[in-house]
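To start, the structure itself, in structure tokens.
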Amino acid sequence: MSRLFRGATIVWVVLRYGLDELVLTSFQKPWLRLLARIVSFGRKLDAPRGQRLREALERLGPIFVKFGQVLSTRRDLLPPDIANELALLQDRVPPFDPDVAVATIERAFRRPVGEVFVSFERVPVASASIAQVHFAIVRDRHGVEREVAVKVLRPGMLPVIDNDLGLMRAMAGWVESLSADGKRLKPRQVVAEFDNYLHDELDLIREAANAAQLRRNMERLGLVRIPEILWDFCHPEVLVMERMKGVPISQIERLRAAGVDIRQLARDGVTIFFTQVFRDGFFHADMHPGNIQVSLEPGSFGRYISLDFGIVGSLTEFDKEYLAQNFTAFFRRDYKRVAELHVESGWVPADTRINELESAIRAVCEPYFDRPLKEISLGMVLMRLFQTSRRFHVEIQPQLVLLQKTLLNIEGLGRQLDPELDLWSTAKPFLEKWMLDQMGPQRLWREVKAESPHFAKMLPELPRLLHDYLHHKPHDHRREMQELLAEQRRTNRLLQSIIYGGMGFVLGLLALQFLIRIRFFH
């Protein structure tokens, strides 16, 4: 009954904001297009379609807002006006009752909140659709009191999410089966990705592991602070981490007044991102201004502070090679190489005409070179390449789409800090170093080091293995030769039987004919 009521609510919102005309007018069947005209008759929709879609998602609640945020990253699928509007969605919901947060903590740790924390601030400092954050003080295993941030999962979310996802899957299947444009947008695939994303966010242990991995990777870089996870106080519904104190990166004038080098800050952000991408293959994929602060503390003045690790991206060596060579070929205007990279990736259908793909890529990329390098957006280049590839039915991998969205965020943030930021000059050393590492002796040395434990295990066994091989191989060879000779003898005997039998048959016929003739003449 609740799903039926929720479905009716969704239909009402769709009609109220005129979203039906976005879908029904693209249907192939004439009667459906006629239905669209009848439904929209006499209705005045003054707002643009992107704005109406955004307002409808906000009306449907936090799960649909989340869906819109995730959908806004798929610029390879969406028209620009819709993607830009969806990017404005804010995940802001009222905080839930502090008593509920306390009950969640006590249920997770099976003891009163006063025994878990030295002190706990009941008023949350931040609230979103999935969780909210409280400040607290905890005594660690060494007896030291530490200021921490406590992230508590919003209770009762799983049934709500599963209910809305079920309706989304039904709508996606309906749109994909009836509309050619809908099928091209792959709604069922998008909903499936959103399903995985939401269920990942519901497990705070996974987020804690992401934070710990990024902290370990970034420790020696010295440009970013990532909170330490207090694993003794973590649970799938509760995440406790070091409290970070900084100024939101959007408050540029406050940072400048404090003496922070804003231009260097812009370059540091790009350096952090490309280090995560090309060195580690593991990057923070939700680096919008709300998740980034800047430290003003003496020991870490001017460093980035990174927060919220629910969304991360992972890249294989193949993904990194694809990116590095694409960027390099783009700046060399080697569009044939860009097309070849798509072919080598294995994502291009077998019947694709490479010369047509190259021509389409040239049409996308060439206009960028009328601008100074500092005005070229690598994120936009990737996005346009993905859009062009989609026309040729190239399947772009989700991790690369996630990286493209993150790169756009980094570029936007960097140019907000420093409008003169030349992203290519900052990225080029990373690409060159990565390609040198892949083709030079360093890669060979890394592979030797990686395999050395295996070699060390096998080394003591080599003399015995060699002895066994030399001892058994002659016997094996002799046995094989004996079997071959025996088979040859059997074959020879068979051939002899056939030949002798045939000769006997022929001689018998000749003898019979000779006898018949003798009788005939006598």
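Note: Cβ is positioned from N, Cα and C throughout, glycine not excepted.
Among the features that Swiss-Prot reports, active site, proton acceptor is placed at D286, with the record citing sequence analysis. For D286 (active site, proton acceptor), applying a Cβ distance below 8 Å and a minimum sequence separation of six or more within one chain yields D308, F309, G310, I311, T406. In the three-state DSSP scheme, D286 (active site, proton acceptor) falls into the coil class.
Feature annotation from Swiss-Prot assigns ATP binding site to V125, A126, S127, A128, S129, I130, A131, Q132, V133, K151; the stated evidence is sequence analysis. For S129 (ATP binding site), the count of additional Cβ atoms within 10 Å of its Cβ stands at 21 [all protein chains shown].
Positions annotated as domain 'Protein kinase' by Swiss-Prot: 119-497.
Feature annotation from Swiss-Prot assigns transmembrane segment to 496-516; the stated evidence is sequence analysis.
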For V133 (ATP binding site), the number of other Cβ atoms found within 10 Å of its own Cβ: 21
Other C-beta atoms that fall within 10 angstroms of the C-beta of V125 (ATP binding site): 13
Those residues of the chain, 6+ apart, with a Cβ under 8 Å from that of A131 (ATP binding site): K151, V152, L153, R154, L204
Number of Cβ atoms other than its own within 10 Å, given for S127 (ATP binding site): 16
